[in-house]
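Structure first, commentary second.
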Amino acid sequence: MAVEDNKNSESKNHQEVELHRNDLGLEDSSSPRGVLGMVSDSDNSSSSCSSCSSDDKSSSTSSPFSNTTKTVSSSHHGLQWNKMIESIKKKSMRRFSVIPLLASYELTRKNLRRKQPKLTPSESAFTCEAFFMAKPSWRNFTYEELAVATDYFNPENMIGKGGHAEVYKGVLINGETVAIKKLMSHAKEEEERVSDFLSELGIIAHVNHPNAARLRGFSSDRGLHFVLEYAPYGSLASMLFGSEECLEWKIRYKVALGIADGLSYLHNACPRRIIHRDIKASNILLNHDYEAQISDFGLAKWLPENWPHHVVFPIEGTFGYLAPEYFMHGIVDEKIDVFAFGVLLLEIITSRRAVDTASRQSIVAWAKPFLEKNSMEDIVDPRLGNMFNPTEMQRVMLTASMCVHHIAAMRPDMTRLVQLLRGEDGPAELQQKAGERTMSVNACDLQDHTSSSYLNELRRHRQLLME
């Protein structure tokens with residue numbers, strides 16, 4: 001009986017570890033959270049899971065973390081990762097707020113229900129060794145290194161703050177200036193914070209493009225930190241809204257092209273099909289040459305090629321940039337990034353915020369009448385005067401108009417939008433209105449995603465925020 005009880009206990013521990021790993025996407029290559037995609041010995045995967053259990057220390061199978069120090073220069077750093085993974089495993093079981101991806105999501109009750117696809121977990125195991133092999137250029141910093149770099153996180157060195165993190169300017173001991181993103185401990189429970197940290201780190205591991213922020217390293221010592229390449233011109237938001245000087249059109253147009261190239265890469269050319277979910281002016285950094293860099297992958301999701309979209313709850317993102325289908329139904333695919341990109345283009349054209357702080361009016365609602373009339377003089381930032389290229393402005397206006405269409409199917413993909421912005425379709429394309437494009441659209445889309453219903457939902461949500 002004692003032997004049988006012990007086996008039952010081991011089986012239960014194994015199942016708990018499997019559940020936690022699946023929650024974090026560390027085992028499931030088909031899951032939108034399984035972003036690390038590291039190579040490991042599949043034959044040892046089951047024993048690796050067992051050896052991770054705190055109740056199975058006597059197992060003769062070696063832990064998957066046992067060789068960490070061979071890869072990481074400091075055993076202290078490796079132990080930090082071990083403790084972090086163990087802290088997740090020991091937490092009480094709870095599911096993260098991610099609804100499984102659906103093969104096809106109903107927008108109305110009139111549609112027939114479709115079966116949810118079964119997800120098959122892979123046999124690969126997440127290991128610190130495999131993780132560090134993925135990006136050997138990344139440094140694993142100690143807390144003391146980051147504290148010294150930021151004058152112990154002096155508030156004067158804070159260059160940004162969000163709901164879940166603070167960003168500090170720092171200077172490393174080698175003289176390199178970096179931006180240090182410090183995840184706030186009070187924002188989320190420890191289990192969820194660590195999960196989000198690993199998920200974001202895993203997504204960044206697959207990103208390598210000039211128009212994406214570059215990670216220098218990270219730290220799990222006394223908190224969770226990302227160390228990023230410093231952008232001397234700050235964010236696009238600070239240049240558009242926080243400066244008295246007018247950002248010249250040449251730079252604005254270059255930034256628009258850079259963001260488009262970066263998003264096209266994430267959606268089409270990246271090893272993983274990545275949906276950013278939080279494209280906004282404050283998440284676009286500008287390097288020394290005003291090259292746009294997409295940053296903050298904290299809300300990003302990746303989708304396998306054969307899955308049309310993902311459905312999430314609760315809805316996360318920034319009010320004013322949320323696409324109707326995401327805001328109203330939780331649908332996540334490339335088209336929600338396209339919508340947010342359209343809002344961003346309107347901000348670049350007008351220097352108005354996504355939501356006006358005084359009137360609380362959406363820039364989309366404000367700009368649509370001018371876009372429909374092609375009224376350039378009414379929509380362009382008056383500070384620009386006539387100091388812009390009319391053809392380029394026309395391209396950006398047309399692109400923005402297509403991006404913010406309330407029906408997702410009517411929005412072009414980023415590959416197409418890059419062509420439009422660069423004028424690769426010829427001048428005739430610029431004369432074509434977004435509404436003139438012929439495209440098959442399901443009737444339920446037209447019913448559920450009318451402009452009026454979306455605006456009503458926006459007003460309702462805005463009212464809730466103000467209460």
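Cβ from N, Cα, C; glycine included.
What Swiss-Prot records for this protein:
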- D278: active site, proton acceptor (ACT_SITE)
- I159, G160, K161, G162, G163, H164, A165, E166, V167, K181: ATP binding site (BINDING)
- 1-24: compositional bias 'Basic and acidic residues' (COMPBIAS)
- 40-71: compositional bias 'Low complexity' (COMPBIAS)
- 153-430: domain 'Protein kinase' (DOMAIN)
- T142: phosphothreonine (MOD_RES)
- S282: phosphoserine (MOD_RES)
- T318: phosphothreonine (MOD_RES)
- Y326: phosphotyrosine (MOD_RES)
- 1-73: region 'Disordered' (REGION)
* DSSP-derived class (H/G/I helix, E/B strand, else coil) of Y326 (phosphotyrosine) -> helix
* To do: Taking only the Cα atoms, work out how far T318 (phosphothreonine) lies from the residue listed as 'active site, proton acceptor', in Å, as a whole number.
  => 7
* To do: Would you mind listing, in sequence order, the residues at least six apart from K161 (ATP binding site) in the same chain with a Cβ closer than 8 Å to its Cβ?
  => V167
* Structure fact -> Looking only at the domain 'Protein kinase' (153-430), mean pLDDT returns 93
* Inter-residue Cα distance where the pair is Y326 (phosphotyrosine) and D278 (active site, proton acceptor), in Å -> 12
* binding-site residues listed as I159, A165, V167, least Cβ neighbours within 10 Å -> I159
* Per the record, ATP is bound by I159, G160, K161, G162, G163, H164, A165, E166, V167, K181: how many Å separate the farthest pair of Cα atoms? -> 14
* Using DSSP with the three-state reduction, classify S282 (phosphoserine) as helix, strand or coil. => helix
* Least Cβ-crowded entry, counting other Cβ within 10 Å, from the modified residues listed as T142, S282, T318 -> T142
